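Trainee: Taken from TrEMBL, the feature domain 'Oxidoreductase molybdopterin-binding' covers B:254-385. The transmembrane segment feature in TrEMBL is assigned to B:32-53, B:73-95, B:116-141, B:153-177, B:198-219.
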Amino acid sequence: MTERIVRWSLAVLGGCGMAYGLVLVLTRVSPADWFRLARWGLAAWMINDLVLMPLALLLGLTVLRRVPPRRRMPLRIGLLGLASLVIMTAIAVGARAHQKNPTAEVTAPLPALLITGGVLVLVILVAELVAGLQRPERDEGPAAG
Amino acid sequence: MVRWPLQSIRRRIPTPASVTGAVQSPAVVTRLGLFLGPAFGVCFLTGLISHNAQSPTGVLLRPWPVWGYRLTQGIHVATGIACLPLLLAKIFAAYPRILDRPDGPARGPSVIIRFAAGRLLIGILTAAGIVQVATGLFNIFQWYVFTFDFVPVHYAVAWVAMGAILIHVATKLPTIIETLRRRRRTGQRHSPGARRGFIGGVLGVAGGLTIFSIGQTIGPLNGLALLSPRRPRSVNLQGVPINRTAAQAGVVDRIDSWSLTITGPSGEHTLHRDTLTAMPQATVRLPIACVEGWSVSAEWSGVRIKDLVDLVGGAGRDLRVQSMERGSRYARTRLPADFVADPRSILAIRINGEVLALDHGYPARIIAPDRPGALQTKWVERLEVL
């Protein structure tokens, strides 16, 4: 009973939130921006369903299956970290090229990527070293993803 | 007879179970959601505070604590950045769900409608989440590739995203509860093996991104801010970054003829720079906190706002502040009465012991506690008691 009340409450609150967001789009966002926003929303959906998810599937089917089970988790974390860093660096590089503020002292993105990427690799190696000392080999099951 | 080709096609399409790996489990997806949901929630709440602070009719605006906006906007940007790896990990863990099909042997209209509605919700949730994180990142790096007006769009989509998250939690609540109960029943303190490592690794990546970017808000971590949009404060003009130069604001040509006009109930006063300099000066140490997440404290010197307002008998009222800049959203701002009366609110003419640079708002700018940087108006030419 309590669970049902909580679910309904969340659903109603969520519905109100979404409806309010839609009202804000219609009343505070200019009509010209509606289409720009719709394009961005569509692009985001396409990136998720047509790029990220197939990429994850491909990663599991082609790369991870060739890697020893014990190395798959560090590889997943490394790729996730690298993807995050590459996204932020790509934005930083693009922003530098389009910077209209001549006084902006922006962080150099490529050295930042190298240093943070190096830290990521180092942390994964140390974690693997510690895990290797603490735990025996364990089979982790199917490789997909 | 039409069924045979369809059944053949269905058999060839992979099912979620056939592509599920060590981390594509309800346990991992649930636990990632336990971090991603609150991260989005905190980002949403601090975003509400920021939006309210920038609104001319914002409620409960107070000039204390002085570091209030600095804290909330710093958290907003930090949690937004942390959402990036959390979102990627959630997408990665949940990707087999894209191969879901309507349940049951008898897939009647109600089942298909429910399935379609569920997919639509997930589509909206994912799209809104990606749009928020992506446009937020582009904004803090000042790369306005999205071309739409960021403030109202980011605010509206935030409500859509949070609403979709709540509905998503409502639909998945039985799974969430069952997953967490199963952990307690089996006595496990952590998810087994690979799943624990994955979640720990994701949190580590999120934490790492935060550490390498939050230095733009927290002074002692400034040297670590490798992923922040701006370099450490020491290399900036007079120690404070600049978002908009005098040239960009189009005020350079008119600076030499600058004067300050103050209007109020008892009349109008026009002051020049030497008059301002001759008035009693106050020195305050206050942060400039930008919506992009960076913040820097500086020592500001100038005339107290309340002293200027007293010249025209405007005590206890809001103040309209007009900049020399034209056409900007923030060229005209409103300073609430509480801020006007606060002795730390000044019309600054010096920063860190030097005369205010042109790009920092010379001859005079507003500095007040707990106020977004965009509202610390530069190149002030008019103060009007409302």
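Using N, Cα and C of the backbone, Cβ positions are placed for all residues, glycine too.
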Trainee: Other than its close neighbours in sequence, what residues sit by the transmembrane segment (B:153-177), given a CB gap under 8 Å and a spacing of at least six beyond its ends?
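Mentor: For the transmembrane segment (B:153-177), the far contacts come to 26, 30, 33, 37, 40-41, 44, 47, 51, 118, 121-122, 124-125, 128-129, 131-132, 135-136, 139, 146.
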Trainee: Can you break down the domain 'Oxidoreductase molybdopterin-binding' (B:254-385) into helix, strand and coil residue counts using DSSP?
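Mentor: Once the DSSP states are binned, the domain 'Oxidoreductase molybdopterin-binding' (B:254-385) shows 27 helix, 55 strand, 50 coil.
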Trainee: Considering every residue in the domain 'Oxidoreductase molybdopterin-binding' (B:254-385), what is the mean pLDDT value?
Mentor: 94
